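**Q** Here it is, the structure in full.
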């Protein structure tokens with residue numbers, strides 16, 4: 001027969017009231033039966049640990065069942081034991097919340113009033129064996145591939161299909177930067193050639209300095225006196241130092257001497 005503990009905040013008026021309370025909770029055949037009053041002053045360690053199959057606690061005012069008090073009652077219950085809490089003035093939702101905070105999940109309304117909950121079947125500090133696979137079997141199992149690039153459902157795109165005929169065509173060579181006319185034998189220097197074809201053509205004659213050009217230097221482009229950096233390819237003054245236009249050019253005596 002189950003052992004039961006009844007706690008009340010005030011002395012029980014009669015044996016009949018106690019019997020009615022236990023019968024409403026289905027604990028009329030509980031034995032041995034323990035009765036404790038003034039549960040509001042219950043001290044830690046006053047109740048034996050895991051000694052009762054059922055605990056019934058009756059209060060007279062709301063807020064009597066605190067988390068600390070319910071913790072003491074839970075410690076006195078055996079694993080799987082039943083706890084019944086009655087508290088006038090408190091809603092079932094409020095009692096269920098405080099029971100949940102005390103380690104009693106799944107509290108429901110009790111038949112005779114109040115809320116009933118069951119202590120979890122596991123005990124604090126309980127040990128359980130875990131079946132582990134032998135190390136040899138763990139090493140024999142191949143490691144699962146984390147990811148792979150090859151798959152039957154992969155759709156690979158041909159990179160050649162991304163190119164059009166225009167992309168595959170060889171680009172045309174840039175046109176020569178000249179303005180000469182095109183004849184039967186190819187391009188020939190025009191009358192007012194500015195691209196240098198006249199100086200580089202087969203009929204081109206190397207520029208030669210005359211005595212008149214040295215005595216009275218002139219320039220058709222205006223850049224001959226600035227130096228080789230500003231002279232064209234066929235300039236007769238290439239190789240000479242910069243000079244002032246209209247001023248006689250005087251070459252040093254060692255101009256044609258070979259530097260060793």
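Each position is counted from 1, following the chain as shown.
Just so you know, glycine gets a Cβ as well, placed from its N, Cα and C.
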**Q** Of 206-220, 221-235, which span is tagged region 'Fe-S binding site B' by TrEMBL?
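**A** TrEMBL lists region 'Fe-S binding site B' for residues 221-235.
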**Q** So of 224, 232, 235, which of the binding-site residues has the fewest other Cβ atoms within 10 Å around its own Cβ?
**A** 232
**Q** Can you give me the same-chain residues 6 or more apart in sequence from residue 221 ([4Fe-4S] cluster binding site) with a CB-CB distance under 8 Å?
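**A** Listed in sequence order, they are 232.
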**Q** Take every residue in the region 'Fe-S binding site B' (221-235), average their pLDDT values, and give the whole-number result.
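**A** Its mean pLDDT is 80.
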